[in-house]
Amino acid sequence: MRVLGIETSCDDCCAAIVEDGVKILSNIKLSQKEHKKYYGVVPEIASRLHTEFIMSVCQQAITNAQIHASEIDLIAVTSKPGLIGSLIVGVNFAKGLSIALKKPLICIDHILGHLYAPLMIKKIEYPFLSLILSGGHTILAKQNNFDDIEILGRTLDDACGEAFDKVAKYYKMGFPGGPNIEKLAKNGNQYAFNFPITIFDKKENRYDFSYSGLKTACIHQLEKFKDKNENITKNNIAASFQRVAFENLIIPIKRAIKDTNIKKLIISGGVASNLYLREKIKNLEIETYYPPIDLCTDNGAMIAGIGYLMYLKYGASPIEIDANSRIENYKHTKGKTV
């Protein structure tokens, strides 16, 4: 079965053709450079550019896959969560294409796409732990199947990638913040600033994360946390921030490993491409899996891949289905999440 996957939840306009859930025939992504001068994504600009480019991006995906549009068997599209204007563009385009081609439509949760991305490259036996790190989400989950997910912890404020973007914006390090901070950090002292690590000890929050305190310390309280022998430089700020941002993740992950006795972890989302993070995770001495870089960030292939499985199990979505900006509450739930 050939699936066209469409992803427009934020500022990347993506489309891909995937066969039987794992064979990627094409994977096209158009990143919107217009946001760089604002040091962040402007929702109105994002939705307007999606409207402008979505048809050509989908056509390129079909062309690169060396198929005709009539050979598409299913259309999968991200319908939640994300920027509502961007989501509406993708969902409405997918609906129109579904009607025009007389092909079934399945609406997919963006989070499920990220969780599935590593499995497109390597077969991993369930259950395993999953960590999603992106500009919009920081989620630690236990996965028993592709549609059986228990959220163990999530950020209580800023997402990990969001904190990177905000710190980078304040110090004019460039957008997106993640890759630019990682680059600057290579020439900095990661112990120049002793920023606070936020860990929750209450049972109901023991797997949760928080980045607002770190962000505030890094932006407004540099002198308070500076080593007296170090200078305030962008490189030192970046290196120290990056170290603590990822140390914030380690203790909840260790707790989840101990409590579930699961020794397998998959990590996805844009922040998962950070090489410093990957070195930190190595110290956990467990089986760790990452998707390739082009599947870490938002992409249409992961939507097509999980769309194939969801369609086989649950069938098509009703054509009346709408986009939804809110994140699904998966905690202790199982079943249809479209």
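Backbone N, Cα and C define each Cβ position, glycine as well.
Among the candidates ASP298, ASP322, the residue that Swiss-Prot annotates alongside HIS110, HIS114 as binding Fe cation is ASP298. Matching GLY153, GLY174, GLY178 to the substrate binding residues that Swiss-Prot gives (ILE132, LEU133, SER134, GLY135, GLY136, ASP165, ASN274) identifies GLY178. Least packed by the Cβ count within 10 Å, out of the binding-site residues ASP165, ASP298, is ASP165. Per the record's binding annotation for substrate, residues ILE132, LEU133, SER134, GLY135, GLY136, ASP165, GLY178, ASN274 show a top Cα-Cα distance of 16 Å.
For HIS114 (Fe cation binding site), the count of additional Cβ atoms within 10 Å of its Cβ stands at 31 [all protein chains shown].
Of all the binding-site residues listed here (HIS110, HIS114, ASP298), ASP298 has the Cα closest to the Cα of ASP165 (substrate binding site).
Excluding the listed site residues HIS110, HIS114, ASP298, the same chain places GLU7, SER9, THR78, ILE111, GLY113, SER134, HIS137, GLY269, ASN299, MET302, ILE303 with Cβ atoms within 8 Å of the centre of the Fe cation site Cβ atoms.
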